[in-house]
Amino acid sequence: MLRNKIDKIRLLFRKDRESYSCFYRILGFYPRNIRLYEQALLHKSTAVRSEKGRPLNNERLEFLGDAILDAIVGDIVYQHFEGKREGFLTNTRSKIVQRETLNKLAVEIGLDKLIKYSTRSSSHNSYMYGNAFEAFIGAIYLDRGYECCKQFMERRIIEPYIDLDKLSRKEVNFKSKLIEWSQKNKMEVSFELIEQSLDKENNPVFQTEVRIEGILGGSGTGYSKKESQQNAAQMTLKKIKGDPEFMASVQEAKTQNNVPAEDTTPESETSLTAENQQIDEIISTEEISV
């Protein structure tokens, strides 16, 4: 409280007080290092460079924010759902940190109006707002630390926009979404039960692997075949979206399997980008109230 009063007094003498006030309305506190928040909203399409000539955009902050957001949301979900199993907690967290939810949250708090990007660039994508939200979390972490990040998520995001209990009951069928993607892109997908064992309490545990054109995509465990398939499909969808080397291996395997493949000219890079955007659209088709 005292810190905020001191910040308000200092603000009166700053030339950029309008920017500070804008961030205060979103954060609930005044930034200490406002440059972090400004960079969090700087899309790579602007081609801005630092004094040393390095690209200046929000990608590094996005990387950091993604990791911090996973930890914070995991922390919140763990404390809220006492006694729930790991699979339940993982799925609930995934529903919050998925790209469509982050896109909506960015709009709700007004980040979409603050993002700087080049209108001449064609590099914009359907998850630019969500990326900026993650970068914003990274900025808060560097500026104020983990606890402040957690308070921001609890008070400014979860409480006003997300009903955790309602969200946890909403089922997301990752297997059907992966199959839908494979059909759109003419890819062969298989689900293989590779192990069945018992845990310490003699409950059956299943492990499933997903392969695309014979290439291992992801594996998942669960207390039923369905749960293990869902977890494996979820991991595979993330890999499709975020691992270009994996997708290159899949495309190569598709060609070797004599299935019509995309051209390997530079246009194929655009095809891979389109596939990744399709993944975001497919993963995000469920309606989550934020």
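Just so it is clear, glycine is given a Cβ too, placed from its N, Cα and C backbone atoms.
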Further binder of Mg(2+) named by Swiss-Prot next to Asn131, Glu134, taken from the candidates Glu62, Glu192, Glu195, Glu201: Glu62
Inter-residue Cα distance where the pair is Asp66 (active site) and Asn131 (Mg(2+) binding site), in Å: 9
Site with most surrounding Cβ atoms, counting all protein chains shown within 10 Å, from the recorded positions Glu62, Asp66, Glu134: Glu134
Any further residue of that chain within 8 Å (Cβ to the Cβ centroid of Glu62, Asn131, Glu134) of the recorded Mg(2+) site: Asn58, Glu59, Leu61, Phe63, Gly65, Asp66, Gly130, Ala132, Phe133, Ala135, Gly138
